[in-house]
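Database features (TrEMBL):
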type   : residues : note
REGION : 259-288  : region 'Disordered'
REGION : 304-323  : region 'Disordered'
REPEAT : 2-43     : repeat 'WD'
REPEAT : 44-85    : repeat 'WD'
REPEAT : 86-127   : repeat 'WD'
REPEAT : 128-169  : repeat 'WD'
Amino acid sequence: SLSGHTSGIDSVSFDSSEVLVAAGAASGTIKLWDLEEAKIVRTLTGHRSNCISVDFHPFGEFFASGSLDTNLKVWDIRKKGCIHTYKGHNRGVNAIRFTPDGRWVVSGGEDNIVKVWDLTAGKLLHDFKSHEGQIQSLDFHPSEFLLATGSADRTVKFWDLETFELIGSTGPETTGVRCLTFNPDGRTVLCGLHESLKVFSWEPIRCHDSVDVGWSRLSDLTVHEGKLLGCSYNQSCVGVWVVDISRIDPHAVPDANCVNSHSEPKSSSGGNPTVLNENTTKASMGRLSVSQISDTLVKETKSLGRLSISQNSDPAKESKNLA
């Protein structure tokens with residue numbers, strides 16, 4: 001538990017080696033902690049309002065921050081200070097990401113605009129202005145010059161970073177796009193909506209699959225060892241969600257039995273089923289026995305109040321329900 005901020009924390013990020021954690025606060029102050037020693041390494045001031053996004057450079061000693069004060073700042077960790085302030089958004093900067101090659105930083109704003117900044121020249125390269133709602137998430141293709149942006153306007157848009165052209169747009173979906181991430185194999189974008197996960201490809205834009213997941217206030221997504229992990233929050237609770245990518249199209253392993261053997265925890269308030277049976281949970285958790293997991297789930301769900309989980313569910317009945 002890392003303490004030191006005196007106002008609420010609005011953003012947090014690990015550096016690439018997972019040695020440092022940066023957290024931006026409501027006051028605009030950013031603190032860096034060393035994880036090994038759990039102590040504050042730097043306290044950086046300069047933003048005049050809430051620091052709502054932070055991202056570390058992929059290999060340099062830098063990180064960027066975006067704030068409700070409309071500014072994007074780049075900080076040098078060694079020099080203890082801000083080395084550049086990029087002005088141009090006219091509302092808060094919600095999402096920022098460095099490109100994988102480390103040459104540019106891209107910011108998405110509450111002003112519905114995505115901006116590409118050149119770090120070496122220190123200037124704006126391009127504005128993408130096709131979204132009609134604030135930008136909530138963005139990610140880069142792992143090997144091609146391609147950017148995906150997710151917005152409150154209920155669309156995901158794909159941009160070519162060589163020509164700066166719009167390749168295409170999904171949707172509109174039923175809700176705003178909260179989070180998105182490219183699958184590491186680069187074939188699809190995994191997109192977190194209010195109550196579902198959708199899998200898209202581009203050129204042409206196509207939705208391959210949709211999975212009901214009741215994560216509602218989804219805050220972050222990552223892919224690890226073939227599993228999509230999502231993190232959501234609800235008041236003082238944090239939820240961690242797992243979706244097995246090998247069971248969703250177009251990544252699905254063709255095995256009818258596998259696909260139809262979901263165990264389906266029932267929801268007390270008409271929410272959506274989760275998408276893991278005990279075996280997958282066991283495989284993905286590895287370190288916990290299933291009884292521990294179900295105990296944890298039952299405790300968690302009591303506190304969440306939205307899901308009730310039948311511990312000894314009958315898989316045969318469940319798959320009939322699902323079918």
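A Cβ is built for glycine as well, from the same backbone N, Cα and C atoms used for every other residue.
Annotations in TrEMBL come from automatic prediction, not curation.
As the structure is a computational prediction, the values presented were derived from the model and not from experiment.
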Long-range neighbours of the repeat 'WD' (86-127), counting only residues six or more past its ends (CB under 8 A):
49-50, 52-60, 64-74, 133-140, 142, 147, 149, 151, 153, 159, 161, 164
DSSP assigns the residues of the repeat 'WD' (86-127) as 0 helix, 23 strand, 19 coil
Summarise the repeat 'WD' (44-85) by DSSP state, stating how many residues are helix, strand and coil.
0 helix, 23 strand, 19 coil
